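Annotated in TrEMBL:
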- 11, 13, 178: Mg(2+) binding site (BINDING)
- 114, 115, 153: substrate binding site (BINDING)
Ligand SMILES: [Mg+2]
């Protein structure tokens, strides 16, 4: 195994887990739970519902979701519903086995950078689906970055900021993502980059610009 980087920065969707997880698991799970939310025993959930100030809160939630409106109360509500789903074992995160193995065994520090909130990222890595039940990968992860902490993923300044926070020269950090715009931005910031290709990812027109990773065993 050649090692010419000192730290690893990982995207989540399409890189360490299937791109479909959020769309086909998390969002449908939230919608399934929507009808029962007004009857929830979770006081935090009930107080959030009151913030919507509408008569038919379930219809309101469904309409926000179907129009993809980024409502902060909706976001917080989704976070709580997913938390309950993970905690009850109804949801587990399908992190690829090679990524689990790498994160568990590498001696290099591993960091996460995703558009999903840091809170959602931590939940995902707390409840990873493993052969023998769920695996908590959080002890193996050094830190998490999102749009709020670091800016958008297609802006090179975001990566400079992250490198600065990690405390390493950008050239010593390897960033892995399935998105070529993110890789371009990270490369502009001086990071090493590789394109991850996983089953189900959209085809990328990368024109041979990047090394390809299909399995973390060969990092
Ligand atoms: Mg991605």
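Note: Cβ is positioned from N, Cα and C throughout, glycine not excepted.
Please treat TrEMBL annotations as automatic predictions, because they have not gone through curation.
Separating the Cα atoms of residue 115 (substrate binding site) and residue 11 (Mg(2+) binding site) is a whole-number distance of 9 Å. Residue 178 (Mg(2+) binding site) is 12 Å away from residue 114 (substrate binding site) when you measure Cα to Cα. Residues 11, 12, 113, 116, 146, 147, 152, 182 surround the recorded substrate site, their Cβ atoms falling within 8 Å of the Cβ centroid of 114, 115, 153, which are themselves excluded. Closeness to ligand 1 is met by 178, these being the binding-site residues among 114, 115, 153, 178 whose Cβ falls under 6 Å from the molecule. The most crowded of the binding-site residues listed here (114, 115) is 114, judged by how many other CB atoms sit within 10 Å of its own CB.
Between the C-alpha atoms of residue 178 (Mg(2+) binding site) and residue 153 (substrate binding site), the distance comes to 12 Å. Other residues of the same chain near the Mg(2+) site, with their Cβ within 8 Å of the Cβ centroid of 11, 13, 178, are 12, 14, 15, 16, 19, 114, 177, 179, 182, 196, 201. DSSP assigns residue 13 (Mg(2+) binding site) to a strand in the three-state reduction. Here the Cβ of residue 13 (Mg(2+) binding site) has 21 other Cβ atoms within 10 Å, regardless of which shown protein chain they belong to.
Long-range Cβ contacts of residue 11 (Mg(2+) binding site) within its own chain (separation 6+, distance under 8 Å): 113, 114, 153, 175, 176, 177, 178, 179, 182, 196.
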